[in-house]
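Asker: Annotations per TrEMBL:
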ACT_SITE  Lys33  active site, proton acceptor
ACT_SITE  Tyr253  active site, proton acceptor
BINDING   Arg129, Met301  substrate binding site
DOMAIN    232-355  domain 'Alanine racemase C-terminal'
MOD_RES   Lys33  N6-(pyridoxal phosphate)lysine
Amino acid sequence: MRPARALIDLQALRHNYQLAREVSGARALAVIKADAYGHGAVRCAQALEADADGFAVACIEEALELRAAGIRAPVLLLEGFFEADELSLIVEQDLWCVVHSLWQLEAIEQATLRKPITVWLKLDSGMHRVGLHPADYQAAYQRLLASGKVAKIVLMSHFARADELDSNSASEQVAVFEAARQGLSAQVSLRNSPAVLGWPQVPSDWVRPGIMLYGATPFEEANAVAARLQPVMTLESKVISVRELPAGEPVGYGARFITPKPMRLGVVAMGYADGYPRQAPTGTPVLVAGQRSQLLGRVSMDMLCIDLTDVPQAGLGSTVELWGKNILASDIAMAADTIPYQIFCNLRRVPRLYSEV
Ligand SMILES: *Cc1c(COP(=O)(O)O)cnc(C)c1O
């Protein structure tokens, strides 16, 4: 059997969720969209359900997967419905629904609903992706109330640059939000992971942590709270071939690495078809036989090469950590010019093994 696998530490997931609640002092919707950022939405939801205030997903398909698995906790659809006919399922499955556009508001007004629904009314406070214009916000709130189809409204918005702690952007968005919701007495939800970790002064009855649940920092620089996160996913495999090369020999596709000296090379069963980023250059860190080493040459579809020259204890069958508790996914992301979100979401083909400890 191919030795590539992703170990998922559910105890670490619970630790990170509790940390989000502890540092925010708020209720927390665990964001498990996109199959829990590659960690497996159903297993993660099951591991958190006893403690969780609720979950958030991107669409009704993801919510239905949770309900089918027996998850009864609140589930918020972060983009609401894409088509009005989803509303009957939203009622039937008892889902919470973001309203981010006037067309959604109109669809609710026109729908016949068996029961009133819970709406999270989203304001565009400056990101300019989705959300109602500040000038429309109060009227939208009043129309939802007047429709008789809504049991509860939570006021929400989303930050564009909360991961940049020296930027004014988040404060400016909070000011826009505060002005738009003036006089409305409803619960509010603003903070994603970077805002939970880095913006303690931002008001929130509800926080929406995603990436931090999985133990990765959204920041490029060090952060005291992020340092308390525990990585949840360990991507590992084994050395399947070892070779000794003299100086001047090319390694891998495109001969992107030429041995500068006699070297000992290990081939690992892991490639970009598993989600390991092809953009990771020579020098990207790996852990082999418990020691840090580095990637050599281009990542192929099913294999990659690492340096064993200074790791004499490593050989055929040695365990390799591509990311996890020792090699941080955020460091791999940085090396590959992407973000840990994408590193996790790209995971595929490798079996996921779940552990409670
Ligand atoms: C994905 C998402 C989150 C979670 O963001 P993280 O940066 O992973 O914490 C929160 N809120 C909304 C609206 C989202 O789409």
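The backbone N, Cα and C atoms fix where each Cβ goes, glycine too.
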Asker: Can you give the mean pLDDT for the domain 'Alanine racemase C-terminal' (232-355), rounded to a whole number?
Answerer: 98
Asker: Compute the C-alpha separation of Tyr253 (active site, proton acceptor) from Arg129 (substrate binding site), stating it in Å without decimals.
Answerer: 40
Asker: Counting only residues 6+ away in sequence within the same chain, which have a CB under 8 Å from the CB of Arg129 (substrate binding site)?
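Answerer: Set apart from Arg129 (substrate binding site) by at least 6 residues yet with Cβ under 8 Å, we have His158, Ala160.
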Asker: Pop the Cα-Cα gap between Met301 (substrate binding site) and Lys33 (active site, proton acceptor) into the table, whole Å please.
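Answerer: If we compare the Cα positions of Lys33 (active site, proton acceptor) and Met301 (substrate binding site), the gap is 26 Å.
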Asker: Tally of helix, strand and coil residues over the domain 'Alanine racemase C-terminal' (232-355) according to DSSP?
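Answerer: Helix, strand and coil residues of the domain 'Alanine racemase C-terminal' (232-355) number 19 helix, 46 strand, 59 coil.
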Asker: Give me the non-local Cβ neighbours of Met301 (substrate binding site): same chain, 6+ apart in sequence, Cβ-Cβ under 8 Å, ordered along the sequence.
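Answerer: The list for Met301 (substrate binding site) reads Gly271, Tyr272, Ala273, given in order along the sequence.
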